[in-house]
Amino acid sequence: MAVQFEPLKNDLILRTAKGERVERPPMWVMRQAGRYLPEYHEAKGNRDFFECCRSPEIASTLTLQPIERYAGLVDAAIIFSDILVIPQAMGMEVVMVDKKGPHFPNPLKSPEDGQYGEVMDRDVDVKKELDYVYKAITLTRQKLQGRVPLIGFCGAPWTLMSYMIEGGGSKMFIQVKTWIYKYPEESKRLLDKIARLCVEYLAEQVIAGAQMIQVFDSWAGELSPSAFKTFSMPYLTYIADNLPPRLIELGQPVVPMTVFAKGAWYALEDLCKTNYNTIGLDWLHAPAEAYQVAKKYNKVLQGNADPGVLYGGKAAITAAVEEMVHGFEGGKQGWIANLGHGITPFVKPDDLLHYFQEIHRLSG
Ligand SMILES: Cc1c2[nH]c(c1CCC(=O)O)Cc1[nH]c(c(CCC(=O)O)c1C)Cc1[nH]c(c(CCC(=O)O)c1C)Cc1[nH]c(c(C)c1CCC(=O)O)C2
């Protein structure tokens, strides 16, 4: 059943993602609904993180918080959820440990272990399992009343596999490196399975109302250039090649797609050759150099100041914005302003306001 939503009043980010010349660069930041906002803590209370994701009412309230605080400056909302809902849908338990991050009590051990077979054999119905995400998206679209577009997202296969095997964040990636180098074929089968689920999951998000999508490969930079080519790139490509035809098959609009492969600076040119419209940059890229590469392929870039600059006060923030605006040649085409990764806790909301205002002032 198709849901009707109010028409968009601000489609700047969608026009930019299509490569059009625009009046100013659109802006939003990754993790914009999060712990640096006092209203986030207030609305979340002492609820568990995944409980908030599973409640369409709470998830939509949290998604809207930065849109309301930075009204007129922020040009997109991103649904409040997490990349780890896919491993959960695959039958794995994930808990969010306060001040530590995600934790899998029973990570995948080895391809010889029975759990790998179980995960591989399981027929995962992402439509059913992640119904709460689609409900949250639909409710958020209604509450947005067309103010800005809503972004849906998923984790990239390599990043999700890393979490499923490491059991959480990692410094050395010993377990998942053991898998890819010792059991490459079993690893690829798992990556392939995750990639297929990502396509279905993103398609369902679009049906529910997502107007753009982003794939987060947060651990891409743990791979060497050749390992990235083997264990990440084919699966990122699979998603970008298969989502549009799947959407057409479902009678849905084809939405702009962004890929953010954090740390994979060496892969910029290869990513520009994919079907993603926008390539997310972290702060390892100098804006001017990346822009020259992306221009050759008519790709849009998103990013990319070091989120740490927001701790440096107003003058440091202005300097970072000047470098970006200069590097992205004024920002009227091919640039979605963001940070180079998610905004971190303890940033003062007024310093993010200054970041937005400076982007507006220097490139508006
Ligand atoms: C790797 C990753 C995860 N989740 C996500 C990624 C990819 C982006 C990235 O690289 O940062 C994606 C994500 N997670 C969250 C969003 C919400 C939307 C947004 O505002 O961007 C998005 C897009 C909420 C969240 N996801 C999480 C929080 C903090 C939860 C809390 O303690 O209240 C939020 C708001 C928890 C989370 N979730 C994850 C980690 C590693 C952590 C702990 C670290 C941290 O707290 O920043 C997994």
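Each Cβ is built from the backbone N, Cα and C atoms, and glycine gets one as well.
Sequence annotations record features per position, and here TrEMBL assigns domain 'Uroporphyrinogen decarboxylase (URO-D)' to 26-35, 151-167.
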**Fill in**
Given the domain 'Uroporphyrinogen decarboxylase (URO-D)' (26-35), its same-chain partners at Cβ distance under 8 Å and 6+ residues beyond its ends are 12-13, 16, 41, 62-63, 65-66, 73-78, 80, 151, 260, 336-339, 341-345, 352, 355-356, 359-360
**Request:** Summarise the model's confidence over the domain 'Uroporphyrinogen decarboxylase (URO-D)' (26-35) as a mean pLDDT value.
**Result:** 97
